[in-house]
Amino acid sequence: MPKNSKVVKRELDDEVIESVKDLLSNEDSSDDAFKKSELMVDDQEEKDVDVEEGSDVEDERPAWNSKLQYILAQVGFSVGLGNVWRFPYLCQKNGGGAYLVPYLILLLIIGIPLFFLELAVGQRIRRGSIGVWNYISPKLGGIGFASCVVCFFVALYYNVIIGWSLFYFSQSFQHPLPWDQCPLVKNTSHTFVEPECEKSSATTYYWYREALNISSSLSESGGLNWKMTICLLAAWVMVCLAMIKGIQSSGKIMYFSSLFPYVVLLCFLIRGLLLNGSVDGIRHMFTPKLEIMLEPKVWREAATQVFFALGLGFGGVIAFSSYNKRDNNCHFDAVLVSFINFFTSVLATLVVFAVLGFKANIINEKCVIQNSEKILKLLKIGNLSQDMIPHHINFSSITAEDYNLVYDIIQKVKEEEFDSLGLKSCQIEDELNKAVQGTGLAFIAFTEAMTHFPASPFWSVMFFLMLVNLGLGSMFGTIEGIITPIVDTFKVRKEILTVICCLVAFFIGLIFVQRSGNYFVTMFDDYSATLPLLIVVILENIAVTRIYGIDKFMEDLKDMLGFSPSQYYYYMWKYVSPLVLLCLLVASIVQMGLSPPGYNAWIEDTATEVFHSYPTWGMIVCISLMVLAILPVPIVFMVRRCNLIDDSSGSLASVSYKRGRIIKEPVNLEGDNTSLIHGKSPSEVPSPNFGKNIYRKQTGSPTLDTAPNGRYGIGYLMADMPDMPESDL
């Protein structure tokens with residue numbers, strides 16, 4: 001028995017009972033926060049030790065090197081490509097500055113409370129998503145497996161986007177940029193501009209033909225795009241090397257991958273504000289359209305953006321927080337990361353619309369010049385009278401204001417035949433109202449604007465390096481949401497699992513680098529995550545508030561944080577957040593039902609996008625993605641509800657917990673003086689295994705069903721023994 005330990009033995013009904021209070025009497029004083037939740041017999045030198053049941057090998061859980069490293073990891077995970085190309089689009093589409101009001105309200109109602117909940121459960125239980133939800137509610141243990149499946153689906157196509165960014169990054173070291181001008185085609189007689197490019201634009205042509213070499217439909221594979229295949233391989237190699245040592249390797253990379261995007265965004269903002277027309281873009285962006293706020297779809301889209309912006313349900317938040325000390329102030333972390341995410345979205349929106357304002361101004365100037373030339377021709381041939389043109393107008397250096405004046409005069413005078421003249425209004429607002437999101441914003445609109453920048457290759461390199469970093473930060477959290485739960489549950493080597501996971505994902509991901517791969521990216525983005533993640537988070541909320549118990553959870557938070565969280569969170573978790581999430585789920589299902597399932601296909605002959613419905617096999621794939629993602633929940637529920645798998649261990653004594661009492665059921669003690677921890681060092685003491693043996697049956701009481709109870713963090717399992725006196729810790 002350890003030298004510095006006191007063990008008081010009692011005998012009750014021929015069973016050995018040991019008081020946790022006595023066992024913890026000489027525990028290291030620096031670990032006070034866990035005296036109520038963890039059995040420790042000897043000094044642990046301020047280390048949290050997790051020991052696999054049945055193993056005599058000490059397994060120390062890794063920890064973040066610093067609080068800053070952890071915050072950067074969470075920020076890197078939550079701040080992703082959606083902040084740059086999804087939030088500005090939604091802000092423009094849904095009322096400009098007015099959109100920020102519903103977004104902030106929903107951030108406070110569902111964003112921060114649910115983010116805080118995931119941080120708290122991960123930090124207290126110190127396991128990945130599988131172990132956490134197994135402990136809280138064994139029958140809902142499938143939540144963790146569902147999170148892993150969703151993470152895997154998202155990782156498959158998300159890394160493809162990083163591969164696209166790597167391709168553009170590699171092509172940016174040229175002057176002029178390769179997408180600056182349409183390519184010329186030579187034949188035996190003469191040279192002409194590529195027809196597909198002439199019908200669209202140089203940047204659009206480069207994206208669809210040079211980068212993706214896209215096919216005209218989902219069913220037309222077209223073979224692998226070797227350029228994108230190499231980029232995808234490079235992306236997975238980067239992720240694998242960064243994740244192979246867990247947070248020890250990825251944590252250090254976070255210093256660059258999380259901070260560099262802010263440097264680039266600030267540089268772009270300063271440069272953008274100096275560009276002609278940038279103020280027009282920002283003014284258009286933040287001019288509030290208050291009437292749009294009354295539309296239900298605005299609130300639905302704001303709620304969806306809040307939900308996905310923070311990475312709720314993926315398991316990455318839980319995985320990262322599980323490497324924290326248990327007394328870390330995760331409430332402060334939740335508020336800080338949530339608002340950093342919000343302000344990053346606003347910063348990215350300023351940058352995007354400053355650049356788009358500049359682009360709109362250039363397009364408008366070209367429009368004015370082209371239409372002024374048309375007016376001069378009409379004046380020469382006599383279709384227009386010179387008397388209609390004000391005397392101060394000089395067509396050789398006409399401004400946008402003067403052109404609009406002439407346009408209005410001609411429209412009024414030639415009202416009946418105006419349409420036949422073929423003149424355009426050339427309004428900057430019309431160009432800014434063209435909503436662009438996703439890849440269209442990053443790889444078409446933004447790249448076109450950068451071709452007009454002085455030193456455009458430099459800005460292109462910076463922009464696509466920023467996209468790579470934003471993508472990698474999110475990928476680290478996504479992969480951590482897969483690896484950490486599996487390592488905690490099945491005790492496999494993290495290095496081997498990381499390599500296998502990345503290899504499997506790369507080979508499956510080859511479907512995204514076919515010529516039709518972009519259509520599969522759209523399919524996975526639309527169907528693999530939205531509904532499954534909503535269901536996962538709803539079940540998380542129910543598991544904590546209804547099954548585990550909201551009052552017990554609040555007590556655990558007080559024990560962990562050292563102070564009682566605001567009652568605001570109590571009411572949010574118990575009433576408001578579940579209701580809002582259910583409404584969001586119903587609205588998403590309705591929206592999915594009303595929107596015809598399909599994709600926009602690029603047609604080479606017309607150089608335009610055409611909407612195509614998914615073929616039958618495509619619909620089967622879409623449905624399969626949603627079903628496979630959520631399938632672990634009912635499977636695990638039925639397995640544990642019907643006791644189809646016996647979790648009991650035949651080789652070790654099973655341990656049950658009840659409010660601070662430990663009941664040891666000895667196996668083959670043969671009357672010797674063996675006790676619960678007789679003659680064993682702390683590293684040899686078996687502890688509950690969260691992933692495998694979540695609830696057990698009492699030997700001699702095979703019909704008793706046990707349920708989780710006790711302090712949040714060590715896996716107390718309450719035996720239903722009414723005759724057993726309870727003791728408070």
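Think of each number as a place in line: the chain as shown, counted from 1.
In case you wondered, yes, glycine gets a Cβ from its N, Cα and C as well.
The region 'Disordered' annotation in TrEMBL covers 27-57, 674-707. Positions annotated as compositional bias 'Acidic residues' by TrEMBL: 40-57. Feature annotation from TrEMBL assigns transmembrane segment to 70-88, 100-121, 142-169, 226-247, 259-282, 302-323, 335-356, 458-483, 495-513, 533-550, 571-594, 614-639. The feature Na(+) binding site is assigned by TrEMBL to Gly76, Val79, Asn83, Asn341, Leu470, Ser474. As annotated by TrEMBL, compositional bias 'Polar residues' applies to 696-706.
Overlay of TrEMBL annotations on the structure.
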residue: Gly76; record: Na(+) binding site; contacts (Cβ under 8 Å, 6+ apart): Met254, Ser257, Ser258, Leu472, Gly473, Ser474, Phe476, Gly477
residue: Val79; record: Na(+) binding site; contacts (Cβ under 8 Å, 6+ apart): Ser258, Pro261, Ile340, Asn341, Thr344, Leu470, Gly473, Ser474
residue: Asn83; record: Na(+) binding site; contacts (Cβ under 8 Å, 6+ apart): Ala309, Asn341, Thr344, Ser345, Ala348, Leu470
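When other Cβ atoms within 10 Å of the Cβ of Ser474 (Na(+) binding site) are tallied across all protein chains shown, the result is 28. Only sequence-distant pairs (6 or more apart) were considered; of these, at least three Cβ pairs between the transmembrane segment (335-356) and the transmembrane segment (100-121) are under 8 A, so the stretches are in contact.
If you look at the transmembrane segment (259-282), the same-chain residues 6 or more away from its ends with a CB under 8 A from one of its CBs are 72, 79, 344, 347-348, 350-351, 353-362, 364, 428, 432, 453, 459, 462-463, 465-466, 469-470, 473. Outside the transmembrane segment (70-88), and at least 6 residues removed from its termini, the chain residues within Cβ reach (under 8 Å) are 64, 161, 247, 250-251, 254-255, 257-259, 261, 285, 305, 308-311, 316-317, 320-321, 323-324, 333, 336-337, 340-341, 344-345, 348-349, 352-353, 437-439, 441-442, 467, 470-474, 476-478.
Those residues of the chain, other than Gly76, Val79, Asn83, Asn341, Leu470, Ser474, with a C-beta within 8 angstroms of the mean position of the Na(+) site C-beta atoms are Val75, Phe77, Ser78, Gly80, Leu81, Gly82, Ser258, Pro261, Thr344, Gly473.
Counting Cβ pairs under 8 Å to the transmembrane segment (533-550), the stretch among 142-169, 226-247, 302-323, 458-483 with the most such contacts is 302-323. Proximity of the transmembrane segment (142-169) to the transmembrane segment (100-121) is not established, fewer than 3 Cβ-Cβ distances being under 8 Å for residue pairs spaced 6 or more apart. Cβ-based crowding with a 10 Å cutoff singles out Leu470 as the top-ranked of the binding-site residues Asn341, Leu470. Long-range contacts of the transmembrane segment (100-121) within the same chain: residues 91, 132, 136, 293, 298-299, 302-303, 305-307, 309-310, 312, 317-318, 321, 330-331, 333-335, 337-338, 342, 346, 537, 540-541, 544, 556-557, 560, 565, 569, 572-573, 576-577, 580-581, 712, each at least 6 residues beyond the stretch ends and with a Cβ under 8 Å from a Cβ of the stretch. Counting residues 6+ beyond its ends, the transmembrane segment (614-639) has Cβ neighbours under 8 Å at 139-143, 145-146, 149-150, 153, 218-219, 523-524, 526-529, 531-532, 535-536, 539, 597-599, 645 in the same chain.
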